[in-house]
Every structure is written in C-alpha cells, then in structure tokens.
Amino acid sequence: MSTRKVIEMYGTALAGLGLFVFLSIFANNFLSSANLFNVLKQVSFLSMLAFGFTFALITSELDLAFANVCSLAAVVIGFLISTDVAWPLAVAAGVATGFLAGLLNGLLVTVAKVPSLISTLGTASIANGLAFMITGGVAFVGRWDPNFLFLGRGKLGPIPVIILFTLVLFLIVLTLSTQTRTGVHLQATGENEEAARRSGIDTRRAKIIGLVLSGLAAGITAVFLVANLSSAAPQMAGDFLLNGIAATLLGMTMFTPAKPNILGTFVGSLIIVMLSNGLVLLGAQYYIQDIMLGIIIILSVAVSASVLKRAAFAL
Amino acid sequence: MKTIKTVLAAASLAGAAFAGSQAAAFELGVVAFQMSAETQARCANTVGAEAEKLGWEAQVLNSNGALETHASQLDNLIQKGVDAMILCMSKPVQFDAQFLAAKEAGIPVITISSGASPHTMFDVTPNEYIMAAEAAIYTLGTINFEGNILAQRFESNTGARIRGAILDAVLVENPQVEIVGEHSMARTKSWQDDVRNGMSALILQNAGNFDAVWASFDGQALIIDDLLKEAGMEKGDVSLVSIDGGQEVYRRIKDPYSMMTATVAIPFEDMAASAVSMMKQIAVDGTPKDDLVPGPYLFIPATLVDKTNVDEFLNE
C-alpha cells in the first residue's frame, strides 16, 4: 500500500492517536482511568446517535431530525415515568418513538418523494413541537427509580454500564453494516441507487431501513440520556446535532475514505470528545471548543465532500 | 521531514505552554448554563475576573443551554481536578450525580441562582419571592390596580417560574386586573426569536386593549420594548416591568422613547464577587462553611429601579 493510500485511509485515525499522545503528555489527569472512563461515557452518547446518522448517510440520505427525535423520545420517557408508568414500558415507548420517527422519514423520502434534507427538517420541527407540547417547556425532573437510573449512571466494577452497552451496540452495527446482506444493500443503494435497483436490490426498502435505524438510534440514546440526567427536557439533545454530524463526517475521512462507515464514526466521536475533554483539561476557555469543532467540520467536509453533496443536493 | 519536526516542535511548545498554565495556581472551574443570556454572561465573566484578581486561574465554560453539555463539562472539570467550582444558573436535580461526584472528589461547589443541593456549599441568590412580589405589585401600581396586562413567562427556569407564580398570586387579590394575553417562552437555545414571535402576535391581537406588560426577565422585556415601539407606542402608553437589571435596561428606563418602566435589579456582579470571596474563605483560608452561610442559601438583596433612582445605577 502506498504512503498516500495509508494517509488517506488512516491519516485521521493517526491524527487522533497523535492527539491522544499529546493530551497524555500535556493534559494533567487525561490518562487517569477515571478520566478515560469519563471520555468513553461521553463518547457513548455521541456515537450512539452518530451511528444512526451514519446509516442514513450510507444510503445517501440525510437525517437532520435525529437530535430533535432524540429529545422527543426523551420527553416521552420522562412523561411516562413521571406519571408512574413502569420504567421498562417508558423505555419501550421512547425507543418506539425513535423508530416511528425514522419510519416516517423513510416513507416521506421513498413514498412521498420528499428529499431527505427537507423531510427530516420537517420531522425535526414536528418532533420539537411535540416535545414542547408534552412538556409545556418545563423539564420532567425527578429522583426516579434507581434501576432505571442505573442505565445511565450505573457501573459494573469500575466500568460505566453505558460504555459496555455502547461497545456491544458498536459491534452489532459494525457487523450489520459490513457483514450482512442488508448492510451491502444499504451501501450499494447509497453508492449508486440506479445500479443497485437494476441489480435487484430493493432500494426503497434500503433507504427506509437506513432512516429507521437513524430514528431507532435516537430513541435508544434518549433512554440513556434521561437515565443519566434523571430528567427530560424538550431540547436536551440539541447540541448533538452538530457533534453527531461532525463525528460522521470525520469518520468519512478514514478507513473507507469519502464513505460513511461505522468504525470511522466511532473513531470520529472519540476524537471529538477527546478534544473537548482535553481542551477543558488544558484550561482552554469555552469559545475555543466551538472554534475547534467548526474547523473539524470544514476539514472533514473538504475531504469527504462528494458523498455529502450527493445526499444534500439530491433534490 | 523538516516540516514534520517543526510541527512537532510547535505542538510541544504549545503543549508546554498549556501545561505551564496549568501549574500551581488555585484552579477555579466556572460554568454558565447559557451565556447568550446577558445575566449569565455577567455572572460568569465577573466570577472569572474576581478569581483572576486573587491570582487564581479561572476557566470559564459555556454549556450553550444544553443539559448533556453541562453534565460533560462538570465531569471534565472534576477529572481535571480543579480546586473549586462556581456554577451560574445550574440545575441541582439534573446534575445531582455530577455534584455528588464533585463532593466525593473534595471539590467545593458554590452555585449562583441555581437552587440548593445537598452536595454543594450553598446557592448565592436573591430572594425570588420578594423580588417577584415587588415587580408584580409595581406593575399593577402603574395602572392603578385596574386594567389589562400582557405577560411574558418562562416556565422552565425555577426563578422565572416563581416570578410568574407570584404574579398570579398578586392578581388573585386584585381581580380588577386581568391578564388578557400571555406567552410562555420555551426554547432556551433560540429564546429571543421565541419571545419576539410570541409577543408580536399578542401585541397585535390586543392592540389598544392592554395597559401594562409584565416580563419574567429583562432580556424578554428589551425585546418586548422594541416590539411596542414598532407598534407605534410611546412612553406612557403602557408600562413595562421586569426583573434582573443591567445597563441597557437602565438606559431604557431613562430613555423618553422607551416603554421600559422599572426593573428589580439583581446585583449579579455582587453575587459573583461574593461567591468568589466566600470560596476563598472556605477553600483557601479554611473557614467552616457554616460560619459564613448557615443554610443552603446566601440571599443577596435586590433593588427596584425606576425613573426615580435609575441615575444611581447608570454607569454613564
């Protein structure tokens, strides 16, 4: 493999490794086990959401609703728990909310033929409105069932439960995207829809699956967010929109360059959270983080522009 | 190769500079929940400035109004091992786990206008109930306790919610005053648009049918003032009363073209300075917390400001 190819495939990951080494040397406490678990816990929320966005993007569709759908699912969970519904049922309702929102997006894109850029913006607005309708703008807050809170705050030994869950989820979605017929169909649909259709792939189904997985990921993430914060607010996942997209775009600069991929998204999430954590440990003021995130997005888009353009402007 | 070496050297120097800045000074983590709100920016910036006067190293973070971001920033500061934290407008129940982690790590936390927590030292705050009663009664006084008012609420903030509840309590005893239109601000990330959209509709709908406007905080009142001016109103047509204070509000109280009538001025700078001073006494000088603040709150008095005393508050 040529040096150029190595840099293309692994350059960003190596830069992430460089960042890890840099922070290990210069940022006090970065390498402590407590901080590493702290970083991985923060990666968990971001990567779970970004996995979903990645699946949508693999089929060349954008899901700009995932953060708002996550907030809506969180509010549904919070509402049900605060009205004394058993928490497992509330969790199921939250996940179902994400699933249904994803299905709606999938049907809008494939049946109503509304471009995903537009339809998911619409769904995002609807989800936002519903979240405010349910809450009246006031967060559901409580000291809820410890068994439920264990999902977000609990530990098995020294390891937060959510990290273990995310690793399992990562292996599942990685396998799904690379080792299964469904994964191959999603990728083929995203790379060349017409060719995929002619070769017998149900591209409409593939796009629906991509967007449903994105909604499902939002619903699952909502469960852990609510359990972690013991509250549910209408815009609680708002900040994840930009970070989730950034993680996916960063992921597209590595392993299979210019293509959305689960492994890349995971490493992208890791880099973004590591940077955010490292900047705090290094004493950087708040505005530096926003500037750094902006730079990452611009650089990532510059490298992986072709797929994004196809997804964003397939009007 | 030369380029790579140069980049590595520069990175090392930058790292060394960062690491150097992390040296032995007392490290204070300061987190504001939403710095696009002027009051929170005033609070966080004053804490930072006061800490630096003491020779401390203050790191100011902004959570952009996002719960998970706030939690992550608190977690990161705890892992950094800061010596203390001062939080502006945080949320004790939502961040109970982080506050507990800070306590377990031996990091003292003082909050400002956040509410009490068993895991923090205390909360520096004005007495919301007193302020809210002053603002509500003053609003009704401007219309001789008779007429119609518009209300701009904010239910997802504890302090602002209390202000609204006290307004309602005051209205129960004053049945000649009626709220003919009200809007509740819900979107914390785009709150200016939210207020503008909601109140412009109410002002149009109730044109000529309201005598006063009550807003739950001054940021809302400034937007409403602009809307009233756009609707062609002049000072004296309606009164506009709110709570918080700030130079722009004081300028408008004095401005002959503004509807802004009065505010209850919360001394955010004094609160921030008190928080830093108390933190020094507790974390550096070793004074027991209960010797300074026996309960969970350190109440700071607020002052009603209108045209009669606004000059005392204007800097210019």
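Placement of Cβ uses the backbone N, Cα and C atoms for every residue, glycine included.
Feature annotations, reproduced from TrEMBL:
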TRANSMEM  A:7-27  transmembrane segment
TRANSMEM  A:39-58  transmembrane segment
TRANSMEM  A:65-83  transmembrane segment
TRANSMEM  A:89-112  transmembrane segment
TRANSMEM  A:124-144  transmembrane segment
TRANSMEM  A:156-176  transmembrane segment
TRANSMEM  A:208-230  transmembrane segment
TRANSMEM  A:262-280  transmembrane segment
TRANSMEM  A:286-308  transmembrane segment
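Simply put, out of A:7-27, A:39-58, A:65-83, A:262-280, A:39-58 has the most Cβ pairs sitting under 8 Å from the transmembrane segment (A:208-230).
When Cβ distances are compared across the two stretches, the transmembrane segment (A:65-83) makes contact with the transmembrane segment (A:124-144), since 3 or more pairs at least 6 residues apart fall below 8 angstroms. The stretch with the most CB contacts under 8 Å to the transmembrane segment (A:262-280), chosen from A:7-27, A:39-58, A:89-112, A:124-144, is A:39-58.
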